[in-house]
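Record features (TrEMBL):
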- 1-18: compositional bias 'Low complexity' (COMPBIAS)
- 563-573: compositional bias 'Low complexity' (COMPBIAS)
- 574-590: compositional bias 'Basic residues' (COMPBIAS)
- 609-620: compositional bias 'Polar residues' (COMPBIAS)
- 45-80: domain 'FCS-type' (DOMAIN)
- 1-31: region 'Disordered' (REGION)
- 558-592: region 'Disordered' (REGION)
- 606-628: region 'Disordered' (REGION)
- 141-245: repeat 'MBT' (REPEAT)
- 253-349: repeat 'MBT' (REPEAT)
- 351-456: repeat 'MBT' (REPEAT)
- 464-560: repeat 'MBT' (REPEAT)
Amino acid sequence: MFDGYDSCSEDTSSSSSSDESEEEVAPLPSSLPIIKNNGQVYTYPDGKSGMATCEMCGMVGVRDAFYSKTKRFCSVSCSRSYSSNSKKASILARLQGKPPTKKAKVLQKQPLVAKLAAYAQYQATLQNQAKTKAAVPVEGFSWGNYINSNSFTAAPVTCFKHAPMGTCWGDISEGVRVEVPNTDCNLPTKVFWIAGIVKLAGYNALLRYEGFENDSSLDFWCNVCGSDIHPVGWCATSGKPLVPPRTIQHKYTNWKAFLVKRLTGAKTLPPDFSQKVSESMQYPFKTSMRVEVVDKTHLCRTRVAIVECVIGGRLRLVNEESDDKTDDFWCHMYSPLIHHIGWSRSIGHRFKRSDITKKQDGHFDAPPHLFMKVKEVDAAGEFFKEGMKLEAIDPLNLSAICVATIRKVLADGYLMIGIDGSEAADGSDWFCYHATSPSIFPVGFCEINMIELTPPRGYAKLPFKWFDYLRETDSIAAPVKLFNKEVPNHGFHVGMKLEAVDLMEPRLVCVATVTRIIHRLLRIHFDGWEDEYDQWVDCESPDLYPVGWCQLTGYPLQPPAPQSSRDSQSSSSKQKKKAKSQQYKGHKKMTSLQLKEELLDGEEYSFLQGASDQESNGSASYYIKQEP
């Protein structure tokens with residue numbers, strides 16, 4: 001627990017007067033540190049004290065923020081340097097036959113007039129640089145502006161357990177105080193001031209400097225996990241000056257009393273917050289590791305790929321046989337699409353053997369413990385069987401939930417699923433789902449939750465009725481009790497903003513919105529694009545991230561599509577509807593960009609908004625009874 005402020009002066013026993021401090025506020029029920037007033041406070045800038053100039057380096061600043069009792073130096077290092085030079089000056093005076101003075105002048109000390117002139121020149125240079133600075137490109141995207149101008153709400157960081165700080169975000173919320181750089185200042189060096197969180201949007205926080213009250217003119221957005229945000233108390237321990245913004249520097253005559261009153265009992269970040277951020281951004285996967293990944297040209301099999309780079313836990317995998325490293329695939333390290341070497345053989349999954357008979361130098365197999373574990377299932381008792389019918393998210397058209405069939409039962413609870421009416425003759429488009437996967441559903445799931453179920457291609461008896469279809473195909477429905485009915489307390493709500501991977505083009509992370517919630521299933525809409533590009537995603541998918549994730553990790557963010565792109569995609573969609581029947585031809589499905597332009601450009605599905613759109617999380621019954 002952070003235990004108050006340390007004094008910046010050499011006399012740490014000095015304390016503020018009793019009339020300047022408030023009575024101590026009772027601790028708030030929070031895991032965040034509480035700022036206390038224990039009689040020892042920062043020597044905050046005091047309007048009565050005026051400005052001062054460091055006698056060593058010449059820095060100009062608020063006098064009360066300076067070091068030592070006499071406020072002659074801006075830092076400890078300047079004080080020590082001055083002391084060392086004073087001794088040299090005293091010795092030199094003795095050698096010259098002059099009596100030593102009580103305060104010997106520092107050697108080569110510049111006069112104050114010269115310092116002020118240099119400072120004025122420095123300010124003029126800064127102003128010229130600001131005028132010649134390149135303008136922000138029109139296509140530039142700012143989450144802060146986007147959220148402010150539309151009054152959007154972002155999903156909290158705690159919704160994303162796989163993201164940095166997702167499990168240790170605590171109760172960082174509005175009102176938390178932090179120390180940040182003071183950009184409203186004329187000083188030549190970097191100084192800081194205290195700000196409070198006005199609004200949170202994922203990792204991003206809208207901050208307001210203390211003293212501005214209801215004035216939002218200088219509010220600014222900042223990534224909470226960035227290097228420029230610190231807990232209250234960091235400046236004292238780091239020897240950094242706290243200086244009030246120029247706009248309000250004359251608003252109060254005693255800043256120390258003001259801050260003591262404002263900060264006593266407030267919350268701040270934990271002292272080890274930056275360390276936790278750093279630790280949460282350490283990833284076990286390393287470049288040159290070998291993994292098995294779903295073959296994007298034949299979904300029914302896996303192949304060997306090499307980790308080429310790791311960004312924020314996302315892996316760029318390159319086909320081991322690719323000489324120019326252009327045959328790549330992006331996914332998160334917790335994706336169900338990747339496995340350890342030998343996984344396919346262990347469960348009986350098809351595997352494409354590499355033409356490379358020997359490991360290349362430097363390549364090594366990723367340890368099995370690094371991969372996401374699936375829940376164990378009891379396949380010895382009643383379990384899924386070949387030929388059973390169910391509903392499943394189409395891996396090649398993630399906006400659709402389709403009529404599907406279990407084509408093969410593998411070991412360890414894995415199933416090979418085929419989409420009825422769209423399967424290739426050789427089964428090359430069967431897809432592997434685990435029995436506990438949140439992407440497969442029992443017969444009747446879409447009906448009870450008012451989701452449009454995609455019938456088999458070419459099925460003429462519409463509207464589609466499961467009872468009739470099961471009788472016509474002489475099939476049985478997979479028992480409801482075999483499906484995963486667990487609904488976590490995910491925290492998502494309709495309308496929340498986030499950053500989401502376009503799974504049809506998985507190298508792209510885009511600005512997105514949650515538009516529907518069916519228990520643990522989320523409908524993700526990519527801002528600026530047609531609804532037909534929407535995707536059904538599980539609430540715990542590693543392909544969803546908080547607002548600000550791209551900025552934090554350095555991954556490029558795709559902004560909402562401009563109007564011109566929306567118009568072109570709309571006209572293109574109408575032209576390609578006639579060619580829809582030519583799609584779904586085996587391995588031709590997995591051409592990444594064509595998927596979005598061709599596979600998704602079919603008939604539009606309307607999704608009814610009903611009471612089944614769950615914003616709460618509980619394990620409500622969302623399966624209907626199967627007809628006999």
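Heads up, the Cβ atoms here are built off N, Cα and C, so glycines get one too.
Mean pLDDT, taken over the repeat 'MBT' (253-349), works out to 94 on the 0 to 100 scale.
For the repeat 'MBT' (253-349), residue counts in helix, strand and coil come to 22 helix, 36 strand, 39 coil, using DSSP. Across the repeat 'MBT' (464-560), DSSP helix (H, G, I), strand (E, B) and coil residues number 18 helix, 31 strand, 48 coil.
The DSSP breakdown of the repeat 'MBT' (351-456) into helical (H, G, I), extended (E, B) and coil residues amounts to 10 helix, 36 strand, 60 coil.
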